[in-house]
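Colleague: Have a look at this one before I ask anything.
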Amino acid sequence: MRFQNPFAFRPGPVSFWTTVIYLALVIPLIYVHETVPPAPSDRSLYQGLNLTEAWLDLQTISRAFHPYNSHENDVVRQFLIDRTKEILDRNSMPYTTETIGGVDWHTRNAFVQTQDSDLNPRDEFIQSRPRGATLFDDKISNVTWTYNTARPTGTNIAKGTWMGQYFEGNNYYVYIHGKDDPEGEWWRSESAYKKFRGQGGVLVNCHFDSVSTGYGATDDGMSCVSMLQLLSYFTLQGRQPKNGIVLLFNNAEEDGLLGARAFGYSPLLHFTHTFVNLEGAGAGGRAILFRTTDLQAAKVYAKSPHPFGSVVAANAFERGVIKSATDYEIFADIFGQRGMDIAFYAPRARYHTNQDDTRHTSVNSIWHMLSAALASTERFSQITGTTFHGDRSDGKSDLVQNGKKAEGVWFDIFGSAWAVFALRGLFAWSLTLLVATPLILVAITYILARKDKYYFFSRDIKMHHDINDDPVVLGGWKGFLRFPFALVFAGALTIASTLLLAKFNPLIIYSSPYAVWSMTLSIFYFSFWLIMRGASFIRPSALHRGYVLIWLFALGWGLQVVGAVAEDRLHIAALYATVFLQSAVFLALFISLLEQFALLGKHDFAMQLHDAHQARDISSHGTDHESRPQPEEEPAQPEGDEDESEDATETTPLRANEPGYGSSTRTSFAATYRRSVADNAPSPPRMRRYQPYEHEQSWSGRLPSWTWIIQFLLLAPVPVILFGNLGLVAMSALQMTGTDGGSLLVPVLTLGIVSIFLLLPLTPFIHRVSHHVPMFLLCVFAGTFIYNLVAFPFSDSHRFKFYFQQVVDLDNGTDTVSIVGLERFSRSVIKSLPSASSQDIKCEKAVGRDLMECLYDSSSLSPHLVEGKTPRELITFETVDGTNASKGRLRIDALDSRLCYLHTSRPIYGFAVDGGAARDPRFGGFPSEGFKTIQLWRRDRDRPWTVNLYLDEHSQQADKSFEGEHKKLGDGSVVHRRADDPLEVTVRCAWSDANKPGTIPALDELLKYMPTWAAVTKKNVGLVEVRKTYKV
């Protein structure tokens, strides 16, 4: 039995190798995506690290809800303080405690900029500062600012509602002294600030508050316990960092990144040149590198043992595609620091719910974050030179001078390797693909054409100029139009299936994303194979594979134009995967062109074929009888004539059965001439036969049959890895955004588009795949399509998330519960509640969200927020001395609450809280038209707010910072307020502590009676709001 080439371009090998290679790529991708690397045992960890200890700390932190506006928050804060002291004592690390805060960096910056810049940053340094730490217990810093709700971290122009905000922070942070840091309490010296615009230190940040409906195990307890382990590691003997490290445990992140803003008043602000922000936007799983500020920071992350992330996420944040906010925005965009955002990101169904607990996460997840944080922090603390020191790229002198940054591209490979390079390098690569590769292909084409071996787009060849002479058919255009037709057909079916799914059951991706993947991949594979295999069966072509590669190259070239513009003009690196795909397509097409060097020249082939036919005809006539044939007689036909038994091919003359065109009927002259030649010439030798595949062009027999596997290995692995990884991350990031008010179409459509890109590397070879694979996938499509259309989208492990708030309006005497979510499922939740089952529920569009708000009466479940107090007794409001026509001076208090809102009946043009800082322009601009809402926070529940409201646009008593900003933005018009025009102020105070059963009976009822496939989270900062309007 003859041995068959296992890599021949035949249905068996092609079906086997393409399937095996795709499975070998996809299965590890899914495994890496769905699992977390196992944590090492405590004995094998670096000295100073202990995962058992970290897990116990996490259980302690997440034992109860601990939002900023709760008593449990104070318990967690004290626990962190006690644990840091315990760790320092255990490691015999000397430490001191500071209560400094509230540094006015605007005044200090002005001072620094006027100082002599010739000072040597090392003047007061000693050779090596001894080990030590300083604990900063900041109960001083407070922040006042105005901002637009459309751009909470913006500076000037935005659409939305303008608000004022006042926050009193209570951050806690530990400064681990570095070897190169100056001696003493340098943060108390003005000149020391100047020096620390040198090398600087590293800021590592977490927030220890949770939302009011979540225990905060992943968001953000795991980050905080990781930082406790970093403290243990870096304070051991012999582990002192070169540059100092600041471990910041900030508070009230969940309420608007408030703790990070308060750190803007820390004396260590300009000391920290770099940062590592640890966050949790999911519940367990792997910690992804959400984003970095630059290429150099991405290179620092490369030290992580299990890197995970992509620059696509960073671009999505920059362009507003991902709307989640983290402290990264404050550190990078406002303070000007350089660093990274490492965060858990899935599953969002548990995010901000009561399943964000230790039961739904693992030690492995702690280790994944801890190992990345440790590697990045250690590397940041070791870097010297100008990498993170020196003049800034943007030239802003008021921000930390941490060097010039470069834009980068980064991504992981199977969660084990980290690729990082400059964006300019990617742009250069794109330009090379746009310019050099077409020239190379043109050059090869020219050489082939000169050698008469370029069979693409070839026309038929006429051997003689006789008008009656039929040409030799080469079939050079066969297969040219198949790819665009198949791509449009298969792509349309794939997109149509996602659109149909988005119309009837879009949320199925919430719980069954792999069923959606299976549907989109199988329909594209089958429909593309159907067209290509059918076309190949009807009109076989050896140029089929090459033409597909030409089309892929042309499409990729157009996509590279878009990519190059995005990279150069928009500074977007998210299209990096297309560069790898286009490079692979170019190399595969290059091989297809090189294959044609193995062929005969087109005219040589035509001549050889022509001569072979003539010789065969002459040989056959030479064996005829020697009698002289008459013109009207038909010559005898030799037995076994191959022309009678062979089927017609593209090389058979079109008039083969006519006299003089290959038929056995000849003219008398021709017969006499051929017979005479046969009589005097020996029989010609038999031409060597190169058999083409099936009925493809006869010249193609010389083409090598094994080069396809090289092309496939170039085309498939790298693009499939890159697009597959991006698709899986996009799946996890987007699949549960529908219940948050996100688009219901985008998640399923994204999977459809990624499926097409995943299978593009297979398209040049799919016509040789046997029917077994596509028919199996057709069955897969049928099953998954039906399942996706009819299955219920939620389950106990993938719960429908909705938003809750109870509002007690003392003016109207109403007590209502607001349920915000997708209306169909929100109504199902409300119907399950005894108190609301008989009510007529009204739903309307929710403010600020693409969701519906459903209200029901909850007067039978009135909240018990303060023991022995009714809602009417919770808020105190009074006007104090100093109130006049241009200024209102108010005192507000709320029992056992840290938060109240003020909403005025007419615009105000400034506000100030007694004892508070002036407005900070770093956190937002100021509207010329004024604003009507103020949010007030306090750290001490027993101390009321005394607020000054500036009512006149040009009030001389107005805060200077407000007045100056207004003069810059205003139109100069004067607004005169009548003394008898009363100002109405609506006070809304919030309560968020739901740890004690019975405090919020309406929430207790929800948790008890709602379906198991539903999960409740907070609608606003407060679970309960009490409202009352007062006249000033």
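Just so it is clear, glycine is given a Cβ too, placed from its N, Cα and C backbone atoms.
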Colleague: Need a hand: Swiss-Prot gives ASP219, GLU254 for Zn(2+) 2, which of HIS177, HIS273, HIS306, HIS352 is also on that list?
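Modeller: It is HIS352, as the record lists it for that site.
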Colleague: Quick test of your reading of the annotation: per Swiss-Prot, do VAL472 and HIS767 share a side of the membrane?
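Modeller: Membrane side for VAL472 and HIS767, as annotated in Swiss-Prot: identical.
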Colleague: Counting only pairs at least 6 apart in sequence, do the transmembrane segment (512-532) and the transmembrane segment (746-766) share 3+ Cβ pairs under 8 Å?
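Modeller: With 3 or more qualifying Cβ pairs, these stretches touch.
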Colleague: Short question: which residues 6 or more past the ends of the topological domain 'Vacuolar' (730-745) have a Cβ under 8 Å from it?
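Modeller: Distant contacts of the topological domain 'Vacuolar' (730-745): 33, 285, 313, 322, 345-349, 498-499, 502, 506-507, 509-510, 513, 517, 751, 754, 798, 800-802, 821-822, 846, 849-851.
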Colleague: Between the transmembrane segment (483-503) and the transmembrane segment (709-729), are there at least three Cβ pairs closer than 8 Å, leaving out pairs fewer than 6 positions apart?
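Modeller: Judged by the Cβ rule, the two regions do not touch, with the required three close pairs absent.
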Colleague: Can you tell me how the residues of the topological domain 'Cytoplasmic' (767-773) break down into helix, strand and coil by DSSP?
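Modeller: Per DSSP, the residues of the topological domain 'Cytoplasmic' (767-773) fall into 4 helix, 0 strand, 3 coil.
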Colleague: Determine which recorded stretch among 546-566, 574-594, 774-794 has the most C-beta pairs below 8 angstroms with the transmembrane segment (709-729).
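Modeller: Answer is 574-594, with the largest number of Cβ pairs below 8 Å.
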Colleague: Sequence-remote contacts (6 or more beyond its ends) of the transmembrane segment (774-794), Cβ cut-off under 8 Å?
Modeller: 497, 500-501, 504-505, 507-512, 515-516, 518-519, 521-523, 525-526, 529-530, 533, 800, 825, 1013-1014
Colleague: If you count Cβ atoms within 10 Å of the Cβ of TYR351 (site 'Transition state stabilizer'), leaving out that atom itself, what do you get?
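Modeller: For TYR351 (site 'Transition state stabilizer'), the count of other Cβ atoms within 10 Å is 25.
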Colleague: What same-chain residues lie close to the topological domain 'Vacuolar' (567-573): Cβ under 8 Å, and 6 or more beyond its ends?
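Modeller: The answer is 311, 315, 319, 407-409, 423, 426-427, 430.
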Colleague: Take the topological domain 'Cytoplasmic' (767-773) and find every residue of the same chain, 6 or more past its ends, with a Cβ under 8 Å from one of its Cβ atoms.
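Modeller: Contacts of the topological domain 'Cytoplasmic' (767-773) (Cβ under 8 Å, skipping residues fewer than 6 from its ends): 9-12, 14-15, 18-19, 525, 529, 532-533, 535-536, 544-545.
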